[in-house]
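Colleague: The structure is given below, and queries will be raised subsequently.
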Amino acid sequence: MEAENHTELSEFLLLGLSEDPELQPLLFGLFLSMYLVTVLGNLLIILVVSSDSHLHTPMYFFLSKLSFVDICFTTSIVPRMLVNIQVHNKGISYTGCLTQMYFIMILSGLDNFLLTVMAYDRYVAICHPLHYTVIMNPSLCMLLVLMSWFIVFWVALVHILLMIRLTFSMGTEIPHFFCDFVQLLKVAHSDTLINYIFLYLATALLGVFPITGILFSYSRIVSSLMQMSSTAGKYKAFSTCGSHLSVVSLFYGTGLGVYLSSAVTHSSHRSLVASVMYTVVTPMLNPFIYSLRNKEVKGALGLHLSLVVVFFFSGITGIKFMQKSRDTYHITAGLVALHIRIYLIL
């Protein structure tokens, strides 16, 4: 097959999860549901953290950033997949594929760094509680987030610049439901040695170093907890890490599954299943993990949902009362009653 230059490519073909026409409506409904749950769940976490003053701490600051990244990460993959299923078209333009790949690399790298920073935050809170507010000050928190963005931005940009120099055949098929970097390297028709070398370096920077930082933080946390004499104190201190540990285990567990399924088993089906867990299921479950395992988030969510329900029914009652009133006096009374209810709630 004659290789065409990348500038002449019109599109790649994403083969997706299945080519069975009968499964397409099921896949569309399933992924649309998971996408909506992911967006709404993470958006709710962001709104609760930003509106509740009790949650204006470094831990929840990083949690809100993680939720935002998860929304963007899923949005960079699922909507395009849903469009392809709906219009029965597997094509994605060359520029669109590189753009999608660029944002996936940025957002997955940010997930790694944010989880590492959150582990460091727990380390400082448990091992240096008296200096926590001094060390984890707002300036440092913002600096850590900006540094994470800066690093992953340049790493992803270099990946894309190295990818542009590769050539592909016309109508290249990618056995995936999104533009996966490794899959693109496998179907390239030019030398990919430099790409693989930089891939290994980037994996060390965005994967190995963050994991090492997380393991080091929790090793110091466990060492500090072992020195506590009170069992209740140990449980209370370690309970603040439960949600983060669950998210870390889910994130890196599914990420490891993607790597092993593609590098060891060479099974495309298992690789796709692992990728779905990593790119869709994990961001969807993160809000549930933090809301169910964290008493502060659970309490804030319950309070906000209660306010929404009360506001809703108060508004309906006031409106119904005003609709039944036929003169200005009764309408005014209805408005006053509505405002009094809102005032009492606040």
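Note: Cβ is positioned from N, Cα and C throughout, glycine not excepted.
Features from TrEMBL:
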{"type": "TRANSMEM", "residues": "26-49", "note": "transmembrane segment"}
{"type": "DOMAIN", "residues": "41-290", "note": "domain 'G-protein coupled receptors family 1 profile'"}
{"type": "TRANSMEM", "residues": "61-82", "note": "transmembrane segment"}
{"type": "TRANSMEM", "residues": "102-120", "note": "transmembrane segment"}
{"type": "TRANSMEM", "residues": "140-164", "note": "transmembrane segment"}
{"type": "TRANSMEM", "residues": "193-216", "note": "transmembrane segment"}
{"type": "TRANSMEM", "residues": "237-260", "note": "transmembrane segment"}
{"type": "TRANSMEM", "residues": "272-289", "note": "transmembrane segment"}
{"type": "TRANSMEM", "residues": "301-322", "note": "transmembrane segment"}
{"type": "TRANSMEM", "residues": "328-345", "note": "transmembrane segment"}
Colleague: Could you give the residue numbers and ranges of same-chain residues that sit at least 6 residues beyond the transmembrane segment (102-120) on either side and whose C-beta is under 8 angstroms from one of its C-beta atoms?
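Modeller: Those are 59, 62-63, 65-66, 69-70, 72-73, 76-77, 144-145, 148-149, 151-153, 155-157, 159-160, 178-179, 181, 206-207, 209-210, 213-214, 217-218, 244, 247-248, 251, in sequence order.
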Colleague: Could you pull out which residues elsewhere in the chain have a CB under 8 Å from any CB of the transmembrane segment (140-164), counting only those six or more residues past its ends?
Modeller: 6, 58, 61-62, 65, 98, 101-102, 105-106, 109-110, 113-114, 117, 181, 184, 194-195, 198-199, 202, 205-206
Colleague: Per-residue pLDDT averaged over the domain 'G-protein coupled receptors family 1 profile' (41-290) comes to what?
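Modeller: That region's mean pLDDT is 87.
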Colleague: Checking distant contacts: for the transmembrane segment (26-49), what same-chain residues at least six beyond its ends satisfy Cβ-Cβ under 8 A?
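Modeller: Contacts with the transmembrane segment (26-49): 16-18, 55-56, 60-61, 63-64, 67-68, 70-71, 74-75, 78-79, 81-82, 85-86, 280-281, 283-284, 286-288, 290-291, 297, 300-301, 304.
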Colleague: Could you pull out which residues elsewhere in the chain have a CB under 8 Å from any CB of the transmembrane segment (193-216), counting only those six or more residues past its ends?
Modeller: 108-109, 112-113, 115-116, 119-120, 151-152, 155, 158-159, 162-163, 166, 181-182, 185, 248, 252, 255
